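Single-structure report; data block below.
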Amino acid sequence: MSNTRKILITSALPYANGPIHLGHLVEYIQTDIWARFQKMRGHECYYVCADDAHGTPIMLRAQAEGIDPEDLIARISEEHQTDFAGFNINFDFYHSTNSPENKHFASYIYTQLKEQNHISRKTIKQFYDPEKKMFLPDRFIKGTCPKCKTDDQYGDNCEACGATYSPTDLLNPKSAVSGATPIEKETDHLFFELSHFEDMLKEWTHQGHLQTQIANKLDEWFESGLRAWDISRDAPYFGFEIPGEKDKFFYVWLDAPVGYMASFKALCDKTGLDFDEFWKADSTTELYHFIGKDIIYFHALFWPAMLSGAGFRTPNAIFSHGFLTVDGQKMSKSRGTFIMAKTYLDHLNPEYLRYYFAAKLNSRIDDIDLSLEDFAQRVNSDLVGKVVNIASRCAGFVSKKFDGKLSQAWSDSASTLYQSFIDKSETIANLYEQREYAQAMREIMALADKANEYIDETAPWVLAKQEGKEAELYESVSLGINLFRVLITYLAPVIPTTAEKAQAFLQVDTLNWTDINTPLKDHEITKFKALMTRVEIESIEKMTDASKQDMKKMPPMKPEIKEEASNLDPIADEITFDDFAKVDFRIAKIVNAEQVPEADKLIKLTLDIGVGERQVFAGIKSAYKPEDLVGKLTVMVANLKPRKMRFGLSEGMVLAAGPGGKDLFLLNPDDGAQPGMRVK
């Protein structure tokens, strides 16, 4: 086609330290649908990805398993690619950041930035594990928060009060690797001076390359000033040594996005594609990154600046998506909703999930929810009950009554109905293009309803029993099969395996937007075989049960401080009843909850305690969405001295259990409790 586009698409690189789960698959399914759609439209499109295979966690896990990091990442890569293939994620090339191509481009970009004085050297103080003889990343240090005195907090921020700080500010710090008390040591680190690119980034972020919500968030970061980015790590470290340096390695987040270039370069070397055509500064090709909203800082600031500084093109757009919840809550190991890709594939058809995600996804960064009950109902209703049902209702008559051949002649009304389906093609194509998949699915299902209404009205099962109705029957079932062909073509980016089966049934060479303009007339089809079966609730239950068992078998995903006995907090020192009686616990109703933009972990709560309202800042953002909290009852400390924070005055504290992060659980009183009641 004359307006053929050249498009390169990437997904964020999965970390080579664990298995793929359904939360990961939101992104890969979203991207794969878009790539398949572009190819169906006749564009020259390439979809590449790779394992993110460097960093301290990989080094430590390999040590724990007694193997080399290279062996670990090779095994994980094979597991990842098996999972992706199971869900029909069709990469044109899948690579690793631990590759010669990635080493070349990471070193080249660094050298270009250094020659232009965008790299600086600074002496910093860092915690050092004297037992392991290694500098400790922030997340590998735990201790007591210097602000709220909560124990077992990470080295960069407190999940209880939301405070951010330097690891050296922690009280009673411990190495999460060995449990030893770390010592402070000076070390030289290399920094990328991001502020040198502030003007360029301010312009780039407001040229339509980002979603509006993301661009607005970046404005907040611009207001607070762009800080230099530490791009080096000290040995021992699994990664690439920095050119011209001894025992200094590229931080994993420097070479991770470079993996997009490396994977495409490997594809170019394999197929003869021109790498420079897609990556040179004045390239007219298109480059798109699909990522989660949690890594936007690296992709929308550091990455464009690195590319620009090194003389490469910047992305046409970065598409961010939200997170996945299951049954309205975070994925849970105890409930069996933290579901691994392999576990899902052991029990359910991957096309079910591809369709369900498509029916939920749009171009915004909102989180999406996998309601397991709705999942079964929607797949059974839409795919099985509407789309596949059209073919099964008509195909038998074509085979038995008309030797498997579709009719040659159509009435004007039949042609008009068919054309109404074709007239929707550009609307649906535009929705795919804009990543408004949910709306596209609604448009397609509205057409499916229309097709089923036609079959109901013409009632071929009745016509088949009446003499002299052969022509009407022939048109009814032939048009029904043609309408099915249009629908399955529109759905092909979402359910490719089902589309392939339908293609074989229809005996057509391709399914694409152009071919459906011409209906199948006087065309032979094969005998119909079931294209998809219903979702059974029993299969879902078996999957969640298996997921609970999976969690018991899995090694820890994050390092924990070694403890002699238990991971539970020890029982605190004994107090008297009089001490306890001083604390005034009250039932509180959450009447409002909102984000605190300046804080990573805090939610601002307005609490009704019966005798008035209180404002409390709670460090529960990692575990709850504000809109899910409104109307809930909880327990608060009502007589805690108000504490002035930079976000406002906190007039108490709500009670929650759990170690922190996603594992936080607000206390909820039993039914009958009322705001203001004292807990005693």
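Positions of Cβ are set from backbone N, Cα and C atoms, glycine also.
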Candidate ranges 80-84, 195-199, 330-334, 560-564 [criterion: Swiss-Prot lists as motif ''KMSKS' region']: 330-334
Swiss-Prot annotation (motif ''HIGH' region') - matching range among 14-24, 124-134, 311-321, 619-629: 14-24
Spatial separation of K333 (ATP binding site) from C161 (Zn(2+) binding site) - C-alpha basis, Å: 25
Residue distribution over DSSP helix, strand and coil in the motif ''HIGH' region' (14-24): 3 helix, 2 strand, 6 coil
Cα-nearest neighbour of K333 (ATP binding site) within the listed binding-site residues, C145, C148, C158: C158
Cβ contacts of C158 (Zn(2+) binding site) (under 8 Å, same chain, 6 or more positions away): C145, K147, C148, T150, T164, Y165, K601, G619
Listed binding-site residues (C148, C161), ranked by Cβ neighbours within 10 Å, top entry: C161
